[in-house]
Amino acid sequence: MERLTVTLGERSYPITIAAGLFNDPASFWPLRAGDQTMLVTNETLAPLWLDKVRSALEQAGVKVDQVILPDGEQYKSLAVLETVFSALLEKPHGRDTTLIALGGGVIGDLTGFAAACYQRGVRFIQVPTTLLSQVDSSVGGKTAVNHPLGKNMIGAFWQPASVVVDLDCLQTLPARELASGLAEVIKYGIILDRDFFLWLEENIDALLALDGAAMAYCIRRCCEIKADVVAADERESGMRALLNLGHTFGHAIEAEMGYGNWLHGEAVAAGMVMAARAAERLGQFETQDVERIIALLKRAGLPVTGPETMPPQAYLPHMMRDKKVLAGELRLVLPLAIGKSEVRGGVPHDLVLSAIADCQQA
């Protein structure tokens, strides 16, 4: 078992990583006998994990209600959020309740935002079931729902009480979802950890085969990096923005193509190549390193080009709604080398369009 801590003073919390955690009632710290909870999951995951998690909680004397939502990015919306609020109010649940997010990034983001809003804030626990959520979205307190005009535009910073990562969940993960998660894994190597990127080049096949030791190390290392970044910059005023490599381009793809048609990691993968091409055109990133990124993404089963039906000009309106835009200026996360990156403003729009076009022709 691995246990890490996200250090945020009195709001610090543990990340527990191991196989078989759902079998142990003690995994769901800080819940105690008599606590009231609302377990939020989706229609795909409920048959797989709901009974197991519910049983563990009830063994510990925890009171469990549940709400089962439709599955898909298109349901990460205000309308579905209201479904969660209605379930909480109908019981009713008070300010001392705990929400439990059992699912991937959509469930985690939506449940976390519900927790941030309900009665002006209640406790919640992240129980991520996808690789993407285990290595990224469950850690750090970013919660949100989407708007038709932009991804994650309505949300709050609201830290969980704990994160419970049961490695057994990956055994039921579809191959496409596994690849999507690997995009965020590869991102960490590009932005902050060259040695980890080199390790990924050597071990990507083991991760695709769900090798237990390789996957445990991979998730732990990603969570270590994320925890350190969040501890240093919780509200994304500086260093934390580096975690958005590829996301400005990727969110544009998701919004333009319709939420759910491209998985988040797929869009981020294409976006990271676009960011690398932009950095290459600026003369700050070597062509051979662009090719290494492309090669690793391809081996992970990820796209390295944008949608054929989305011309470069379609990206900019979405990109200008990005949360990193300041005073009307587009700011991009760009690599400087494998393992080093920066947030850069003032990148000419023509250069951005050319970088996107480079990827369309790849």
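Quick reminder: no glycine exception, Cβ is built from N, Cα and C everywhere.
For 71-76, 105-109, 129-130, K142, K151, 169-172, the entry in Swiss-Prot reads NAD(+) binding site, with the evidence type sequence analysis. Secondary structure at T172 (NAD(+) binding site), as computed by DSSP, is helix. The Cβ of T172 (NAD(+) binding site) has 14 other Cβ atoms within 10 Å, all protein chains considered.
Sequence-distant contacts of H247 (Zn(2+) binding site), defined by Cβ-Cβ distance under 8 angstroms and a gap of at least six in the same chain, are V268, G271, V333. In three-state terms derived from DSSP, H247 (Zn(2+) binding site) belongs to a helical segment. The feature Zn(2+) binding site is assigned by Swiss-Prot to E184, H247, H264.
Take the CB of E184 (Zn(2+) binding site) and look out to 10 A: across all protein chains shown you find 27 other CB atoms. In sequence order, L132, D136, S137, A183, K187, G246, G250, G265, A267, V268 are the residues of the same chain, not among E184, H247, H264, whose CB sits within 8 A of the CB centroid for the Zn(2+) site. For the recorded site, D71 (NAD(+) binding site), the DSSP three-state label reads coil.
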